Structures are given as C-alpha cells and as structure tokens.
Amino acid sequence: MATIQSETDCYDIIEVLGKGTFGEVAKGWRRSTGEMVAIKILKNDAYRSRIIKNELKLLRCVRGLDPDEAHVIRFLEFFHDALKFYLVFELLEQNLFEFQKENNFAPLPARHIRTVTLQVLRALARLKELAIIHADLKPENIMLVDQTRCPFRVKVIDFGSASIFSEVRYVKEPYIQSRFYRAPEILLGLPFCEKVDVWSLGCVMAELHLGWPLYPGNNEYDQVRYICETQGLPKPHLLHAARKAHHFFKRNPHPDATNPWQLKSSADYLAETKVRPLERRKYMLKSLDQIETVNGGGAVNRLSFPDREALAEHADLKSMVELIKRMLTWESHERISPSAALRHPFVSMQQLRSAHEATRYYQLSLRGCRLSLQVDGKPPPPVIANAEDGPPYYRLAEEEETAGLGGVTGSGSFFREDKAPGMQRAIDQLDDLSLQEARRGLWSDTRADMVSDMLAPLKVATTSHRVPDSGPEPILAFYGSRLTGRHKARKAPAGSKSDSNFSNLIRLSQASPEDAGSCRGSGWEEGEGHTTSTEPSAIPQREGDGPSIKDRPMDAERSGPELFDPSGCPGEWLNEPEWTLEGIRGSRAQGLPARHPHPHGPPRTTSFLQHVGGHH
C-alpha cells in the first residue's frame, strides 16, 4: 500500500478507482481525520500542468460555496512532487453512468430524474453567479453521494474543462463538452454562454429516461444530423452567422425554398471527408415529444380506466418532456436558464401537487426531493419553488408536514375525477414513430419499499382495464453494448411490417387455411405472432383475439348442408297423418280448413277478409 504526503497531511492509497485520459483516481485514507478521500493523480508535465492550473483556479472560485447546498464536490487540498500532481476531494459513491450500467441501462422513473435535475440545476445556478461554465456536464460527471442513505443525492464533479465566462466568450472554436452533450452553438461555431450546460443537462435527462444517449453521434456531422432529424433545421439566420455551417449544411438549390440551407446528405459527407456516417441511436424520434411515448410512457393512454397513480405518473412525464424541450433549443437565447428551470412545474412540482396531491406518487416524489436536499445536522430545505419569485429558491408546501407516506390529508381530494390530458396527442406521437420495440419495464431504486406501492396500482390497472393498443411502440434502431461499441442491427419483430398479400385474412364463405392444406402451426391456428404469409401481420394479435370456441380437428371433413329428416326426431307428433305429405294433400282435396297456429281459431283479420270476399 503506497503512501503519499503533503505539507499538512498523509494519505494511504487503498485502491485505484479508475483511469482516464489525463490520469487516474485513487481511493485513499486521510490519516489526520480518518476519512476516506478521492485523490486525482496526474503526471507532472507541461501539458497537464496547464490543465491543473485551470482546474485549480476554478476550484478556488468554487471553494467559496457550500458544497452540500451548491451540490458541487468538496475540494480538500492540492500538492505535487517531482513526478505527479495530486488533487484531494471528498469520496463519493459512483457516477450516474456507473449506476446505469449496474442496472443494465434501465430507464429511470421521472420522479427520480426530477430529484437529480433539481440538484444539478441548483449547482448550475450557483456556478452562474460565479460566471463559471462547467462545459463538461454528462452522467460520468454527476456523482451519487450515498445511494443507501440519501437516494439520488448528487454532486457535480470535474472542473478540468470549466472556464470563466469572460475568458472564453471570445474563443472562436473552443473544443469543449463531450460530443453527445455538445450544444448546437459549439457545434456550429456560434457565440455561447453558460446555457451550454443547460443543453447538456437536457440530454442527460433524456438519456436517463431512454436508457441510451439521445444524440450519440460518432462525429460532429452525425451529431448535427441527429439533432436536425428530431428537432428540424436551425433557422436561417443562425446558419448565416455560424462559422462552421458549411461543414454540415449546403445552400438549397431551389430559389423558392423556405429555408435557403439544407443538411448535407450522408453521401455528400462521405464524398467530402471519406468518413462514413453511422447510425448509433436507439430511438429514432421525429420530435422531442415522442420521448413521452418511450419505455411505457404511453401506457396510460391504452387504459380504459387508468387509476390515479398512473395518471399522476403520466402527467409528471409529460411535464418532464416539456422541460426537456425548453432545454434543447437551437438558439441559446430561447433556451431556459437554470434559475427559470428551477421554477418550471416539473421541478417545482406545483402542477403535480395541484392535480395529484392525494396520490402516493406525489408523496414519494416530494420525499425523494427532500431526502436529496437534506444535509446531516441541518433541517431539509423546502422543495416547492415559488413561481412568482425571481430567485431560484424554494418555499415549503403548507401541507407538507402533515402529509406523510402512510396517508395523505384532504378529504375531497380522493373524489376528484382526473382525466389524462392530451391522450390523443400522445397517440398521434406513437403513430409517427418510425421504429418500434417491445416496451421495457420501469425499474425501482435501491430502496424498493419506496416505489413498490406506487407501481402496484399501475400494474393492476394495466392488466384489468386494457383496451386495444392505440399505436405502435418504439424499438431499437441499433442494439448493442454501450461499452464495447459493437452494434448489431435488430430484426423487426412480428407485427412491424404490413402483409401486402392479405393472405392472413379469411373471407366469409371460403375455406380456412387448414382446409386448403396448410400445415399445423400456422398463424391462423396459433393466433399470435405468426401468419400464413412470409411477412408478419400489420396488426399484432393480442391475447384474446383468437376464436373463443374450440378449434375443429384438422382431419375433419367439411360436408355440404344436410336435408332435415323428421323421422329421426324422437317425438311422435311429426309422424301423425296430418303432417305427412299425403295428409296435407288430402286435407286440401277435402276442403278442410287449414290448421292455424292460434289455439282459439284464426285471427280476426282473417275472418274479416273471408267475410268481405264472400260478398264479392
């Protein structure tokens, strides 16, 4: 076990936590206090010396903040020797990427995404007060503090790429931000400000919900292409001012076009750069609104009678997507600021409280935010933001102290009838998705007792009140590991293509497929996932769609209609002489009155007609 020593303290190196481009991070024991710390170790050379000087300058600026209230990592000290630089920080548990990896990149529920977003926005608001741009916000740089004691309490780390705004605003082409989270103004070469971090946070929020990066471009062209295909082209005045516009766009040859610019095709980019564009997205979205429909987000629209918990979660997801749309805008001046985002209904929970206060989902969401903001030895700060106040700080809901997780207050709240807003809009979004996949289930956090009761009503409603699906569900555009980088094209499941021959339809008065000699196991017989055509059916069959009567055996012979034989009936009344053919003819020949079905003789209408006919 190695030991390193500064002027004031001594550290025992326990293990190496990770290695990166510029150095490694080790876990150490601080002898003076007995606490575990994280030590960032870099080689002592001229290049890394410039990086260290920049990070130290930013860390000294951030040192004036309360790291717990500002949600930034606590910096302890810096020292060096002839070979290496050492930066000592508080030890945190793991970053969001590692947390996603442990959970197989399962989608994170909206209420946990809000808990993370709230804290990162508070950090960005504090950094803005110091005129600091973090410039490298991503899941790897958002650390979970202690997931067991304080679920989803996070802090922002790594100020190695951070900059003072006044020092970088005039840099022509700064190479900042990881590509997946790089703002359009950096990609296009436009003036930028601290709102580049807001774009990155919007991408992180979408990634936590999707379980996959929203825009995982292999290069800057792919990055711009992904954004254009989901959000449309930037406005012409942006491209006119962008220094790098010609790298990704070209002039529109049609003079009457509404936009004088158009995105270069993949073939154009390949011809110019000899670099083949790649498709690395998991979901090919036609708009940011379609984020709402991914990973079970549209399930409530397929319930005939969704319960209150499902409605609350669905409304929360819609509110989250609205905030993401405000964060991911082409123009930075239209992008929401950190302080304004803290007052957004999704973060402040005002909309959730007003419409779904009586639900357990709201109570769990409120408690999750309070736990994430609570600092040891201090009372938890209020969560719900005052929308009328300018500063991004908070006031507590009046009923918060009386509303516990075991029960909720408010007598009339349970009897309000809520309706899922915008159901038809969500259905239309589902129909617009270009690719689809079976829905992945939501997963709970490490404290399963906090979410099991909330998810149970949704499962019951989903199984007991199901109506026909409103539209297709999204699938993987590419399927592979985020770590290995190997991507495999996923085959389209049954039901994703239409049957152009309509051979799976059975017309009335025609024989069924087995009568025509089809083999056992056909789609018509099994009822789900198979058809008699070589292509799958356009309408996926669900449980209960097949015939409810037991199928006729395959070897049964179809016969024509049989004549009725009255002699086979067990009763004797049909064999009486009056009902035989000879008896009927004989009764007519003898002029006997016809038998009437009425027990008391012919009806009065018949007697009247016979009377009138006798006079004529």
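The chain as shown is numbered from 1 upward.
The backbone N, Cα and C atoms fix where each Cβ goes, and this holds for glycine too.
What Swiss-Prot lists as ATP binding site is LEU17, GLY18, LYS19, GLY20, THR21, PHE22, GLY23, GLU24, VAL25, LYS40. Feature annotation from Swiss-Prot assigns region 'Disordered' to 487-616. The feature compositional bias 'Polar residues' is assigned by Swiss-Prot to 497-512. Annotated phosphoserine per Swiss-Prot: SER512, in sequence order.
Features recorded in Swiss-Prot, as mapped to the structure shown.
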{"residue": "LEU17", "record": "ATP binding site", "CB count, 10 Å": "15"}
{"residue": "LYS19", "record": "ATP binding site", "CB count, 10 Å": "11"}
{"residue": "THR21", "record": "ATP binding site", "CB count, 10 Å": "4"}
{"residue": "GLY23", "record": "ATP binding site", "CB count, 10 Å": "20"}
{"residue": "VAL25", "record": "ATP binding site", "CB count, 10 Å": "18"}
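Same-chain neighbours of the ATP site beyond LEU17, GLY18, LYS19, GLY20, THR21, PHE22, GLY23, GLU24, VAL25, LYS40, judged by a C-beta within 8 angstroms of the site's C-beta center, are, in sequence order, ILE41, LEU42. THR21 (ATP binding site) falls within neither a helix nor a strand when secondary structure is assigned with DSSP, and so counts as coil. Max Cα-Cα distance over the annotated ATP binders (LEU17, GLY18, LYS19, GLY20, THR21, PHE22, GLY23, GLU24, VAL25, LYS40) is 14 Å.
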